[in-house]
Amino acid sequence: MLSQIFNNTSVITWSNFSMGSAYQFHSWRVFVVVCALPCVSAVVALTFMPESPRFFLEVGKHDEAWMVLKHIHDTNMRARGEPERVFTVNRIKIPKQLDELVEMQNESANPVLKVLFKIKTELRGIWLTFMKCFNYPVRDNTIKLAVVWFTLSFGYYGLSVWFPDVIKHLQADEYASRVKLHNSEHIEDFTFNFTLENQIHRNGVFLNDRFISMKFKAVTFIDSSFINCYFEDVSSVGSFFKNCTFVDSFFYNTDIDDAKLTNSRVINSSFHHNKTGCQMTFDDDYSAYWVYFVNFLGTLAVLPGNIVSALLMDKIGRLSMLGGSMVLSGISCFFLWFGTSESMMIFMLCLYNGLSISAWNSLDVVTAELYPTDRRGTGFGFCNAMCKLAAVLGNLIFGSLVGITKAIPILMASTVLVGGGLVGLRLPDTRANVLM
């Protein structure tokens, strides 16, 4: 019996480091810092990017606008193999500046009124620009783009929430299938100083035993008796004592409390210096590391999709890439239905991510090219708002179905992705809208 217990032990390692006694860096803090680095790098990179020509024109910096346009022209011509082509401008339409409009409306107004009028004018301009996105001839394009953005985001972000939990459920089922059962054991004068994991002890008797500097991990004691036992520096993660009896036992610096003593009797026993707060760490939950690793693999699968979309965007067309990528990702999502193992589910996740990233890339290009300059930012912002709304709904709907059924999430994601891809194929071709 003791050999079986020893065979199912594990060693706990702690993934953290410290700088003196004041700063403790646990694994999740390091993870957050690493995730923040790309954002900081993006902010630094933005400082080296020029403003748009339209902005320079609106603030009266015509020379700067001309230089940016010339740089864009020269870059495009070098890419086309025509570096000798000279950049010429025949006519530039300069938009009226907001400050000039304010002065024309009320030259004698005090500063407060001028600011309020400026804000009112700005908001009115935003609203009018937004409504222009629903005027002919871009109204149909706006509706179709909103549908594509919504469906792609709903399927992508919904699955991103649902999939890791499905992996965890598969792991939990596999973990439960490996549980060790111990019936009617009798252990006397023994010292437990190691970890007990994934075990069920039923009708056991522990007499004069010592549990010192150890951990119970997913261990359940049922109808067992602990007589004259000593517990010191004990942690219990996912462990419970059901219908157990403790007689003349002593507990010091443990997290065993009433919540873990289900219908148990405590006779002439005492608890001292009990641990408080959550004692569980990522080291106790291997599935937490596994979920991060699965997400890493899914993100890594995006790399070839990005390379393919960059090389073939102009060759096969934006719409073919957009619609084809969404339809193929919807089909790959459907095959998740047949996934019965972790390896197969992870492979289908990587395939899905690799296919769907091409749709995201082509959708960004199509959205920017379908709108005229004066409505491009507003139209793109509206489509992104639909994207965020779909992401929220996808998180709520798919999250509520975790552990209940996998048929509904898979069919729902496949349907919206294929439907959105077919709508995307109905958009106008924008390959001709290239700055010459």
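Cβ atoms here come from the backbone N, Cα and C positions, even for glycine.
The domain 'Major facilitator superfamily (MFS) profile' feature in TrEMBL is assigned to 1-431.
The annotation transmembrane segment is assigned in TrEMBL to 28-48 (among others).
Sequence annotations record features per position, and here TrEMBL assigns transmembrane segment to 145-163 (among others). Residues 294, 298, 322, 326, 329-330, 333, 345, 349, 352, 356, 359-360, 363, 366-367, 370, 379, 382-384, 386-391, 393-395, 397-399, 401-402, 409, 412-414, 416-417, 419-421, 423-424, 427 of the same chain, all 6+ positions outside the transmembrane segment (145-163), place their C-beta atoms under 8 angstroms from a C-beta of that stretch.
If you look up TrEMBL, you'll see 289-312 (among others) marked as transmembrane segment.
Taken from TrEMBL, the feature transmembrane segment covers 319-338 (among others). Listed as Cβ neighbours of the transmembrane segment (319-338) (distance under 8 Å, sequence separation of 6 or more from its ends, same chain) are residues 148, 151-152, 155, 159, 309, 312-313, 344-345, 348-349, 351-352, 355-359, 361-363, 366, 406-407, 410-411, 413-418, 420-422, 424-425, 427, 429-430.
Feature annotation from TrEMBL assigns transmembrane segment to 344-366 (among others).
Among the features that TrEMBL reports, transmembrane segment is placed at 378-401 (among others). Here the transmembrane segment (378-401) has Cβ contacts under 8 Å with residues 126, 129-130, 132-133, 138, 142, 145-146, 149-159, 161-162, 165, 367-368, 370-371, 408-409, 412-413 of the same chain, all six or more residues outside its ends.
As annotated by TrEMBL, transmembrane segment applies to 407-427 (among others).
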